[in-house]
Amino acid sequence: MENGEIPENANEHCPGPQSNSAGKSDSCEGCPNQQICATAPKGPDPDVVAIAERMATVKHKILVLSGKGGVGKSTFSAQLAFALAAMDFQVGLLDIDICGPSIPKMLGLEGQEIHQSNLGWSPVYVESNLGVMSIGFMLPEPDEAVIWRGPRKNALIKQFLKDVYWGELDFLVVDAPPGTSDEHISIVQYLDSGSIDGAIIVTTPQQVSLIDVRKEVSFCKKVGVQVLGIVENMSGLCQPVMDFKFLRMTETGEQIDVTEWAREHLKERAPEFLNIIACTEVFDSSGGGAERMCREMGVPFLGKVPLDPQLCKAAEEGRSCFVDQKCRVSAPALKKIIDKMMENQGLSRMLVDNDA
């Protein structure tokens, strides 16, 4: 328990050896360290001071959260980082999803490793102004499962914050795991909620996702983190008509691919359809979706991003959706959301003022 570290063999919800309830709370029952924690001298964690010194060179810190997994949170984090870097900001992307680190793939950095210098751990760079840190760079095999209890996850998050040398950053985007677990408590505690600009929460339109987003909003309010806004992702499937696959269903249920016939038919008989974008609902949004929930909870609604197969492909290939015209359905929606978030917070103006 050197420097107040939570021991690896601690119980899952260990309050920490420096806590006044260490060794005394219900979560300490049966822990092999219970007696030591109960009698050990208490004091401030020196690592918190080291983290504050590291973070002093980071102007803005943004958490990206979600109530459920699979809603596109990491895709949004990756594209947010790409977008900010394209605006010539210095950007860091920190992946604290310890058990499901997908950020290395989404940034095209699979197979990269962390290097250490006399200044600390060096992020892996996509561009000179976009650095990334993730446990995904530390796994011996890409398919290796991370089977860790809370204390060990918390220790790695602390190490990321304390030992990674980011240099001067305009933005640090933190991609958190779904839910409100130990990782979320740790990042807020170590960064100090007052120094976090806020959180963007990603959801899908249906109620089963929004139920958990309400809990995420409640978490932010309880720990003092401002909700910068809610993003409704996968808000209907949208893509050009000519990108669809066309099938004919037989009486026996067999599907026959008639894509080439349908496309040729459209070209010859209805050429005006060639530039049409087709959209359809994927999830039930009859309850009003994220926009209605935002009105009810008094938090900003940043906008909707359609389910765009081209955006999914960009994420799989580890590239920005903003560099070409392939993501012509989703890229404008994402850009509008990012611009709105920055305008709401006055971030563009603040950065210009700080640089002046």
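Glycine too: its Cβ is placed from the backbone N, Cα and C atoms.
For Cys31 ([4Fe-4S] cluster binding site), the same-chain residues that are 6 or more apart in sequence and have a Cβ closer than 8 Å to its Cβ are Asn9, Ala10, Asn11, Cys14, Gly23, Cys37. Among the features that TrEMBL reports, [4Fe-4S] cluster binding site is placed at Cys14, Cys28, Cys31, Cys37.
A sphere of 10 angstroms centred on the C-beta of Gly69 (ATP binding site) encloses 13 other C-beta atoms. Look at TrEMBL and you will find Gly67, Lys68, Gly69, Gly70, Val71, Gly72, Lys73, Ser74 tagged as ATP binding site.
Under the heading region 'Disordered', TrEMBL lists 1-27.
Separating the Cα atoms of Cys28 ([4Fe-4S] cluster binding site) and Gly67 (ATP binding site) is a whole-number distance of 28 Å. Neighbour counts were taken at the CB atom with a 10 A radius for the binding-site residues Gly67, Gly70; the maximum falls on Gly67.
Sequence-ordered, the extra residues of this chain that approach the [4Fe-4S] cluster site, with Cβ no more than 8 Å from the Cβ center of Cys14, Cys28, Cys31, Cys37, are Ala10, Asn11, Pro15, Pro17, Ala22, Gly23, Ser25, Ser27, Asn33, Gln34. Every protein chain considered, the tally of other Cβ atoms within 10 Å of the Cβ of Cys28 ([4Fe-4S] cluster binding site) stands at 21.
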